[in-house]
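Annotated compositional bias 'Low complexity' per Swiss-Prot: 242-261, in sequence order. Marked as disulfide bond by Swiss-Prot on the basis of similarity to another entry: 1181-1223, 1209-1236. The domain 'NIDO' annotation in Swiss-Prot covers 285-450. Residues annotated as domain 'AMOP' in Swiss-Prot: 681-840. Summarising the annotation, Swiss-Prot assigns domain 'VWFD' to 852-1088 and lists sequence analysis as the type of evidence. Annotation source Swiss-Prot lists domain 'Sushi' at 1179-1238, citing sequence analysis. The feature N-linked glycosylation site is assigned by Swiss-Prot to 313, 386, 413, 458, 480, 562, 583, 909, 921, 975, 1009, 1225 (among others). The region 'Disordered' annotation in Swiss-Prot covers 234-262, 1321-1385. Annotation source Swiss-Prot lists transmembrane segment at 1251-1271, citing sequence analysis.
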């Protein structure tokens, strides 16, 4: 049973066992006290570590006497220990005796004993570093193993020097003082270098032991090319450094130093190991484990190792200190460490007892170049700086002298110098106490293109940085800002132009702000305050990108297999979207909301509101899909289906407002489909299209302004030449994106650069024959709808218009609602494009006037606006073209300098263009420079706007807007070798780069073409006093633009030099140079020209010394080849290469470079070809009207003067009208417009016509027969009447004769019968009663006729005749006895 006695016995045994292993002379109680004291000391050190101390802890290395005393005491106490413990103690003493010898090799982690783990990365032979030889100039060059961009150059090697620098070229080895860049370049070397401590230094020796060294190695990541997983500290990692073994070696030395420093966990990668491990484990869970890599052609070896863990640690330090490096990942690094270096001329220590004294005069620092072969960061780590000058510089004991040590970056070849604080001032030791990041003694800079410091500044004012430097105009994006160092109590606010936002402090170097919504695009000023908005002493610039061109953080995934499942389709069954989850938050357990934000604008204001949630509180997995039919709508906005027809998809954290992610603009037909069908019915597309058609027709006619201000060019060459007034549409560019989603069948589409007063934009498209496509040629046919979509004017410009904030001047959004959405509704959903094209008809080119173009190229050769060609070998700053008009105050200047020396080491006595500067009125000043040789691997030009460097290497940077001008770069041109500047007046300037030379083409709109009035001359106008009425025109090396070549060569004073082409002779070239071109040099002597637009900080790129010389004598035109040049090429080679082109031969002979001559030849041919077709004034008759089914031959829009158009019909149609028309003098030949009818309908109509014709003819015949029959009847009736009257007259005469002569008829006369039969056919005949015989004749007595009765109108001819017969029937005698009386006659 366990008792107290057993417990006491066990305690005594444990105490005895513990006392047996204690050092001699140490009691048990003292050891317990030491433990508590150690814990208190450890707590103090942990507290001190959390505070940024200015000085690193002092070293605890004992001196030689103390070392010997420790060894002697240790030997005396050996007999008290067991055999195995005694052996361990003996091995420890032996290793300590080797301490000094190993000190210079650093074959263990010396950072721990010196307290440098917080500032230096692992170095030494244990880390597989190579060592610099003690002899100067030997084994200094090393292979980096990667391409390292630095100051615009690109290097794959470096040279390590003891003087504290990594050089990319041989230094001049001149004595201080030094000046960088070297002003004597190129006569003297000006080497590129990275210097953490540029001063004469030497290795320190103690006796024959070297305790100083320079270590270096390159570090790389594993290559993902095998299945073996890279394991840290594995023996199979191709010789990677073993940090556990190095830590054990350092622990073995703890008895010779302060034991408290070794009680901590060894951290081979610097500070915050626990955080680093968690971060790496999290990354492994997300991205998987890294695989190891074997470097090309070799395994890991001293000086070149694989260590992804170290690269991750370097990446984290860069991301923590540099705002904007979150997307950076160090793939390679080069680490060089200068360990215990003494100043040049320092005394050599002879005994180890002098170690402490020597140590106090040593410098230890480190340079790290980390790169992903695109971006490069330089890290300077200063562990200990104890001297600042060398004896060679005149210093004494490491201080003073003519020039102290320098720290910074030199681009080399006269590129430029960037110095760190205190550089060359004798106070460089302060760099070890201060920092531009969070760790004292560490300085981080980005060095690939321009030198950009990381971190923050303690100055009271200065600049600020944003990351990213741009944002979408709809805002909501998280922007990191840095500039001043931020204290915990600081209240940070940032003004984005006029919008103030409150920011969250993240660390001492950065804060995070939420970008506000903008209604404009372009460069806006930003200001930063850390006192709550009372003052804004830190400033910078921020670029607002339009929503259409901004990179989409949320990707809307359209189905490839099923075209119905796309975001713009109304009947989509399933939709998917994705986003980068880690760009939103590193918290894998975070929840996100997915929302729909809609946009709508009326005539007064715009509305940007949340419509609904697609999902709430879902996991941040980076993807989401849903079925629109099963979507539960919350209807956050009432009647949103009537207005908010498009918008954005937003992904945001569900529980924090820490920035959001946006998609690109997208329509919402799948969301509003149910409401549309319920309101409009099944035919909702056509009803909505007609509704828009009627609404748009009530608005102002914006096309009137476009017809007068920006008529479309007639052909594609004109559109390509008109650089200042038109630019390509980004998604329909023959030199870029050719998808043309809204203009199928077009080869190239353009839009007007500047909007009209009403904010509209002209848009023109050209087919593959180069002709303008017209909406009049469209017809409602399936093929046309799919493959023929001409350009249409836009009511709202894609890039907006001033004042921007009001509709319809808002970039992208106004255009989407007023132009793109109606197109989708009418053309895509309703299949009735005719409604859209009736409201957006293509403008013709009848009013278009082509621009004039001038060109300067080669060395240099000039082609004026009116066609004069000459060569101008001047040097300096010259006026290329200018205008002093009150409406167009234009200035374009060029910088001409001599190129590189020839292969036979002779100066080229000709010049090339290396810089262009442009300004119009009060616009921004644009400067474009060529780059030095070896600096053209990534960018071919440098572009500065108002002194700020601008890049065009990303899709959303391809078009940028500034004050009164735009700059664009072709989409597929990633090296900035072509820059186009578009001024507000319509002037276009295209700059090409080739072999370090710039070619400049200037196009002027017709508004610059001015002709002096009668009685005025150009000379009198130029000399007229200001304020007096004068004739303004363009002047300069490109001549005057007035369609008169005679006065092209006019000086500022009005003197005209008259020449005629060709001018390719030495005498003519000299005359032009001396009498004309030299007067356009900007040297400050002519007030009419003005000053230089170029900034002084941008020096000549070839030879600044030659550029400054005034005794330059050009070669006007080479007649023969120099003797030295004949050893490189022959005249026969020149002639055969240049094809008898004088300009090509000039450049070939002067430079001795065949490629330069061929470039001149090619550029000249391209310009002449473009000018010939682009500057030609074309006469257009406009499109011819045609109906459905009409086929025009040729199929292109041949509507220009002299074009013949032949019309035909498709096989199922039949043509009508005139089938051939000719355009003459802007008018079509007379004729009926062609139209086609369906063949079946044509046949039916023809049969119907034939039948109707037959029926009509028959009817006409019947009618004609009836008419003739009626006429015949009338004639017969008239004839019968005449006969009746005649018979009656004859009968009366006969009766009279009988009375007179006494004869009487024996019977009734036959004439009575005939009369009855002829004149009263429709009534029965009534015989005349016989007269009783009487011997006495008595004339008949006629009674008075009865009153006439109204005859009855009968519709038939028979009744009419009968009525007529009754009318003309003679009176009949009475039936009784008739008594005739003698007639009066």
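Every residue gets a Cβ built from N, Cα and C, even glycine.
Taking a C-beta cut-off of under 8 angstroms and a sequence separation of 6 or more, residue 1236 (disulfide bond) has the following same-chain neighbours: 1187, 1188, 1189, 1190, 1209, 1210, 1213, 1214, 1215, 1216.
Distance noted between the C-alpha atoms of residue 480 (N-linked glycosylation site) and residue 1223 (disulfide bond) is 62 Å. Put simply, 583 is the one of the recorded positions 583, 909, 975, 1223 whose Cα lies nearest to the Cα of residue 562 (N-linked glycosylation site). In terms of C-alpha distance, the listed glycosylation sites 313, 386, 921 place 921 closest to residue 1181 (disulfide bond). Fewest other C-beta atoms within 10 angstroms, among the glycosylation sites 413, 583, 1225, are seen around 1225. Around residue 1009 (N-linked glycosylation site), the C-beta neighbours below 8 angstroms that are at least 6 residues distant in the chain are 852, 1041, 1042, 1043. Here the glycosylation sites are 313, 458, 480, 562, 909; the one with the fewest Cβ atoms within 10 Å of its Cβ is 458. Residue 975 (N-linked glycosylation site) sits 46 Å from residue 1225 (N-linked glycosylation site), taking the CA atoms of both as reference points.
Just so you know, the Cβ of residue 921 (N-linked glycosylation site) picks up 16 other Cβ atoms within 10 Å once every protein chain is counted. Long-range Cβ contacts of residue 386 (N-linked glycosylation site) within its own chain (separation 6+, distance under 8 Å): 360, 361, 362, 363, 398, 429.
Reduced to three states, the DSSP call for residue 1223 (disulfide bond) is strand. Listed in sequence order, 1179, 1180, 1181, 1199, 1200, 1201, 1202, 1203, 1204, 1205, 1229 are the same-chain residues six or more apart from residue 1223 (disulfide bond) with CB atoms under 8 A from its CB. Of all the glycosylation sites in the list 458, 583, 909, the shortest Cα-Cα distance to residue 1225 (N-linked glycosylation site) is found for 909. Across the structure, residue 313 (N-linked glycosylation site) and residue 921 (N-linked glycosylation site) place their CA atoms 52 angstrom apart.
The domain 'Sushi' (1179-1238): residue composition by secondary structure is 0 helix, 27 strand, 33 coil, according to DSSP. Checked against residue 909 (N-linked glycosylation site), the glycosylation sites 413, 458, 583, 921 differ in C-alpha distance, with 413 being the nearest.
In the three-state DSSP assignment, the secondary structure recorded for residue 480 (N-linked glycosylation site) is strand. Its Cβ taken as reference, residue 1181 (disulfide bond) is surrounded by 23 other Cβ atoms within 10 Å in the chains shown.
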